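In TrEMBL this protein carries:
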type	residues	note
SIGNAL	1-20	signal peptide
TRANSMEM	576-601	transmembrane segment
DOMAIN	576-840	domain 'G-protein coupled receptors family 3 profile'
TRANSMEM	613-634	transmembrane segment
TRANSMEM	646-670	transmembrane segment
TRANSMEM	690-715	transmembrane segment
TRANSMEM	735-758	transmembrane segment
TRANSMEM	770-790	transmembrane segment
TRANSMEM	802-825	transmembrane segment
Amino acid sequence: MYNILFWGLLAVFHMQKADDSTCKFQGKVKLPELSKNGDVILGGIFNVHLNSFHQIHSFTGQPVETTCSSFDLEVFRLVQTMIFAIEEINQNPVLLPNVTLGYKIHDNCASSALATKIALSLVNGPREMEPIQTCSQRYTKSVAAFIGCTRSSESVDIARTIGPFRIPMVSYYSTCACLSKRQEYPSFFRTIPSDQYQSKLLAQLVETFGWTWIGTIRSSDEYGIFGMQAFTETVEKLGICIAFSESLHRTDGGDKIRRIVEVIKKATTKVIVAFSSSLEMEILVKEVVRQNVTGIQWIGSEAWVLSDLLAPEESAIFLRGTIGPMVRKTQIRGLRDFLMDVHPSMYPGNLLSDTTSVFPLHCTGEENLNQTHNSYSDLTLDGSSYNVYKAVYAVAHALHNMFSCKDKEGPFKNNTCAHTLDFKPWQVKKLILLNLLFQDKIYFDENGDPVASYDLVNWQTNAQGLKEITTIGYYDGSAPSGKELVLNKEAIIWNEGQRKVPRAVCSESCPAGTRKVSRKGESICCFDCTPCAEGEISNNTDSIDCVKCSLEYWSNQQKDRCVSKRIEFLSFADTLGIVLVTLALVGVCTTAAVAVVFLQYKHTPIVKANNSELSFLLLFALALCFLSSLTFIGQPSVWSCMLRRTAFSISFVLCISCILGKTIIVVLAFKATLPSNNVMKWFGHTQQRLSVLILTSIQFAICVLWLTILPPFPLKNSTHYRDVIILECDSGSRTAFYCVSGYIAILSCICFVLAFLARKLPDNFNEAKFITFSMLIFCAVWITYIPASVSSPGKYSTAVEVFAILSSSFGLLVSIFTPKCYIILLKPETNTKKHLMSKNKVMTLTLQIYCNE
């Protein structure tokens, strides 16, 4: 009895254990909307419905299934394209022979949560009606690859979910650049270009039309966040600024949408780049229409630029002129006929057989779809269908390559091949990377992305005010840098039907001759234009800095070009130069006239009494002084600079040496009249000549040394006037210049002192008095010259120096020779030896010395 009970309990225990090992699904498994059995199953996830409603769970009962609404005919066309591609492959005797493809297609109703749930059910494999397997058994009929999803956010969630299973996923519509990260999404591929290319394209569009001040709007999902981030980074490198940046989500309340539209209305730019899905744009455009916001130039992303959700008659006017990219269209042979043959009876018992969902207005199923005009039947601008078509073929070719593998020539470890119909998903993923060829070349780069290729379209309106899409160019990502974008600008209709490109700048470009000055606290695109300073130019628009002209150039009046500075020097053609030349020539002529008078009356006592030899030498020196002034006039050259300084220095020393000799003779003559004084024998004619020669030779030696070491040279002086170059002579060696000038000053001082001491000597005709007066004029002129020269830069400084030379020369000539000429010409009765000797002993002695020679 106990044995029977024991074995009975043991049997129950084993039965209970067996029940506990059974695998069970958590909740009800969502059935595919469309399915077909096959040797290999492809999963498909599409947003057939645009909206989903999730009931808030109270956790008091069984959660309610998600409710879907807003059937999308365009996405339904994509579903049919996937089925068409699979059927075409199944009928192809070359591609996957003896292998039938099946499919499980789900509608995730634009819900990321529902998409994740669907992906997990497809990964698990068995359907609810199939026999339940034990946990220890393996089920091989899971999907080989996914085709989907539509939205980038959904693809991100699914790619993360199925990533650990290494099941390949090929998207036809998800463009987020974030999905190119192979470490995060190793099994993700797509047949639509990454937003990295689209962002670059939109940035090039903005740059092409000269817009530097734009607004941006994005959706608050991966598509909008990463797409706008790439766009912003690109435009910032191009110097384009963002006036405002707003984000929105389909779940945002009306207050936020109204606030965004208020921002658009108040913005200083009317060009807006919208990187968003069609659902978010539909909400925004409805508010734009409600507030009657016109004049906006929209630049759209491919996700909404062709959407029929934005095409109602009332919104078409507000979106007129919109420009954006679309995936390049390619005609699929046989697809249109397949789409037109769709009938509810082809799919009995599934959710898509509801004809009121697919074809509204009380369809009976007998209608001819060729007569319909909607997004399902319109293939004129369809590029998405081809992306689905390519996705299916990419997987099919990978499977074909895997099944065609020859033993020991396989692509896997140790050159092995996959087991036919018992392969692992990661093996399919590896072979998807192969290049595929049908109609055009399909390949994926290391990030799983295809080459970017877009058509550029422009929203225009027809006579009825309905949307009309016009292709205005294209973008080829494989083209050489700078040649990717091709535009037909003449075909563009801008906002409000304008033909002129709208302006979008915070500040107008700064013309040449000005520079940009940023406004404090504002964007770099908002600036003021400040004229360049004197001597600086900018010959380009929007110059940040003005360029300084070189030393010999100056800015013109417009500050856009450097012109040669005005050259200034004391010219013979100047009025001032003519006056000075005239004075110099008058001085030479006057000196010559005096010399002629002295020569004619050289035997008269007055000429002899004044040492005629020194007088003639003094007249010659004065003539040289007048002539040396001419070397200061005219354009300075190497020779004129050396000549003017040396000629002036030597001629003046010669002049002063002669005067000094005259002064010494007068002083010595007075000394000789004193008792027991015979000094005149020590300063006779020979000594006088030697003294003049020695004194002049010292100056001559200094000048030779000056010219040898560092002579004067012509100089272009730009320090006094900013727009004038003064041509002048630099002294070269400052030491030599000071020595020459100092030597003249020393001789002048000695001469003045001696003459001053002898001024009151008893004499009816006192030579010392006139010499004193002449030297006083000479010193006064050159002392006055110093401050006058400093305060008169440029050619006027040279004129002052010439005037000083002429003034001092005239002072010597007039002071010394006018009294003598007066006696010779006007008082000849006093020009007798008897008259002169009767006055005093000094004159008597002087006459005796010179008259006896």
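Cβ atoms are placed via backbone N, Cα and C, with glycine included.
Long-range contacts of the transmembrane segment (770-790) within its own chain (CB-CB distance under 8 A, at least 6 residues past either end) are made by residues 656, 659, 662-663, 666, 745, 748-749, 751-752, 755-756, 758-759, 797, 800-801, 804, 807-808, 811-812, 814-816, 819. Of the candidate ranges 576-601, 613-634, 646-670, 690-715, 802-825, 646-670 contributes the most Cβ pairs within a distance under 8 Å of the transmembrane segment (735-758). Each of 613-634, 646-670, 802-825 was scored by its Cβ pairs under 8 Å to the transmembrane segment (576-601), and the highest score goes to 613-634. Sequence-remote contacts of a segment are chain residues at least 6 beyond its ends whose Cβ falls under 8 Å from one of its Cβ atoms, and for the transmembrane segment (690-715) they are 614, 617, 636-638, 640-642, 644-646, 649-650, 653-654, 656-658, 660-661, 664, 727-733, 736-737, 739-740, 743-744, 747.
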